[in-house]
Amino acid sequence: MAPMACLNVCNKGAVDDGKIKQRQEVCTLDGTVDWRGRPAVRERTGTWVAGILILVNQGLATLAFFGVGVNLVLFLTRVLGQDNADAANNVSKWTGTVYLFSLLGAFLSDSYWGRFKTCVIFQAIFIIGLISLSLSSYLFLLKPSGCGNEQSHCGSHSSFQIALFYFSTYLIALGNGGYQPNIATFGSDQFDEEDSIEGYSKIAFFSYFYLAWNLGSLFSNTILGYFENDGMWAIGFWASAGSATLALVLFLCGTPMYRHFEPKGNPLSRFSQVVVAATRKWKVEMMPSGEDLFELEGNECSTNVDRKILHTQGFRFLDRAALITSKEFNQMDKDTQNPWHLCTVTQVEEVKCILRLLPIWLCTILYSVVFTQMASLFVEQGAAMKTTLSSFHIPPASMSSFDILSVAAFIFIYRRVLDPLVAMKTNNAKGLTELQRMGIGLVIAILAMVAAGVVESFRLHYATTECTHCEGSSSLSIFWQVPQYILIGASEVFMYVGQLEFFNGQAPDGLKSFGSALCMTSISLGNYVSSLLVTIVMRFSATDDMPGWIPGNLNKGHLDRFYFLLAALTTADLMVYIVCAKWYKYIKFEGKNGVNNGNEHPELRV
């Protein structure tokens, strides 16, 4: 009967023959509430009904975002007249800013607004930015009429018009960036991990979330990409604005069925309290066992109470924040406890958890450098190849469709074939751990860069050096890019899905959105590092007879060497990652159904 000890029952009044009776409904055990602030009833809230609505919202919002982002590098070169290196840098900076804003969205969500309110506000900002971009492009930038395609580039623009364009795009970055980490975490909130079936569904949700993200971009990369590559930019931008609006409307329709976690307050103050309290006691002797550390007593079956985190070894200096001195013992009263003098073990472990996550997070940044090439240099490389199949023109940006198809295929292969096979061979119900999957993602990313470098070497061999606009200047077919796109897609399934599960699962209860934001911020810094790397390479590779590895005319450069450089840097990053992964200690929660190690899940598979 032990597993049933924490069955959470809600009593609801019902009228029958003039008498008030009580009917019992099972509520969630993880402390979630419904939209009115009452304990969430398991049967009437959350699970896949709400989850699927959130997945549809994510797919439509992603369609809107990539309707701008996937061809932005071509918009900058054809409409605004920037060269390839500047356009690639500006796209990297913009994309980096998108995901950097995820930290802002996560902070507001975890601290004050909650995930639902944060998602609604930032989606509204996202829509305003898309409408502004559509209007500015139609009224000012696409002049003379019909410009912006492969043959006809647009004229010059005023400073005001350029400023309005950047204001609109960075408003889109703010809206989408603040929304992304919260929608991922809000979707996982719809599954009670204290329940064996819903607990595994929560893990499965992240795979389907990433699949929805990719399927949403499939339409952008094909249909919208085709229109925009043909110069019909305004149509593409207006379609994105309509998709984002529909996404928000559908999201609001699910309001009564969502489960919510209430915000836990400013995490910065909690972290500061641990550091200050530990510093105050830096001379106090500690027991090696940690038995003299302070933790609040609480009813393990109570609702709306965060799970306690069990004490772990390491960062022992921080343990002093929870050390009970003789003076504090004599004055012990949990109602008057001063957190600047005495913190709980759970509060100390929150800080330890974030410190342990940082080395793993840092090792994922270089992978994001590889990933961001798909939206910049892969597109420019494809534009310089043969882009026709019979009489049909293939937009270079649409080649990322192979990446999306690869993601869909490898999610199925992983969840239905590889994961069960590994689980059977290792007698581990979970199969590959998140850290193992992220390492595999790095290995596949190295192979992708080697493949891209080899393709570029052959492209140069079949290229015409002297050309004004070098689009289509090589006789090598653009379909030779398919292997590098497929490899990037496979690496995403292992790296990014693994990251979402890892950072969300290992983050403390009050920092779940921050956990998802770490994954987004990794992409952000990857874009900034990519921009910096391109700048450094261009400076040191330029000589009197060669304008650098990535010039405006790729046929006079050596983009292949840049890809091989990325492969070498990612290999070094993999070595560091292996060391960090072996050092990492998983968080251990004291759940309402016992101890949850944070990396173990039920055997039931969805």
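Cβ coordinates are placed from backbone N, Cα and C, and glycine is handled just like the others.
According to TrEMBL, the transmembrane segment annotation covers 48-76 (among others).
Distant neighbours of the transmembrane segment (96-113): 65, 69, 121-122, 170, 172-174, 176-182, 185, 263-267, 510-514, 516-517, 520-528, 531; these residues of the same chain sit at least 6 beyond its ends, with a Cβ under 8 Å from one of its Cβ atoms. If you look up TrEMBL, you'll see 96-113 (among others) marked as transmembrane segment.
A Cβ distance under 8 Å defines the sequence-distant neighbours of the transmembrane segment (120-140), meaning residues of its chain 6+ beyond its ends; these are 61, 64-65, 68, 79, 105, 113, 157-158, 161, 164-165, 167-179, 182, 233-234, 237-238, 240-241, 244-245, 247-248, 251-252. Per TrEMBL, the feature transmembrane segment maps to 120-140 (among others).
What TrEMBL lists as transmembrane segment is 160-179 (among others).
Outside the transmembrane segment (208-227), and at least 6 residues removed from its termini, the chain residues within Cβ reach (under 8 Å) are 51, 55-56, 58-63, 65-67, 70-71, 184, 187, 235-236, 239-240, 395, 397-398, 400-401, 403-405, 407-408, 411, 489, 492-493, 496-497, 500. Annotation comment: TrEMBL describes 208-227 (among others) as transmembrane segment.
Per TrEMBL, transmembrane segment is recorded for 233-254 (among others).
For 357-379 (among others), the entry in TrEMBL reads transmembrane segment.
TrEMBL lists 399-418 (among others) with the feature transmembrane segment. Tertiary neighbourhood of the transmembrane segment (399-418): same-chain residues 70, 204, 207-208, 210-211, 214-215, 217-218, 221-222, 374-375, 378-379, 382, 431-432, 478, 481-482, 485-490, 492-494, 497, 605, selected by CB-CB distance under 8 Å and a gap of 6+ residues from either end.
Look at TrEMBL and you will find 439-458 (among others) tagged as transmembrane segment. Nonlocal intrachain contacts for the transmembrane segment (439-458), taken as residues 6+ away from its ends with a CB within less than 8 angstroms of a stretch CB, comprise 367, 370-371, 373, 378, 381, 432, 476, 480-481, 483-484, 487-488, 490-496, 498, 559-561, 563-564, 566-567, 570-571, 573-574, 577-578, 581.
Look at TrEMBL and you will find 478-497 (among others) tagged as transmembrane segment.
Summarising the annotation, TrEMBL assigns transmembrane segment to 518-542 (among others).
What TrEMBL lists as transmembrane segment is 562-584 (among others).
Using a Cβ-Cβ cut-off under 8 Å and counting only residues 6 or more beyond its ends in the same chain, the transmembrane segment (233-254) has close neighbours at 50, 53-54, 56-58, 60-61, 63-65, 67-68, 71, 75, 79, 119-120, 123-124, 126-127, 130-131, 133-134, 137-138, 141-142, 148, 220, 224, 227. Each of 48-76, 160-179, 518-542 was scored by its Cβ pairs under 8 Å to the transmembrane segment (357-379), and the highest score goes to 518-542. Take the transmembrane segment (518-542) and the stretches 48-76, 160-179, 478-497, 562-584: counting Cβ pairs under 8 Å, 562-584 has the most. Taking Cβ pairs closer than 8 Å, the transmembrane segment (160-179) reaches residues 61, 65, 68, 72, 80, 94, 97-102, 104-105, 108, 118-119, 121-130, 132-133, 136-137, 140-141, 520 in its own chain, all 6 or more past its ends.
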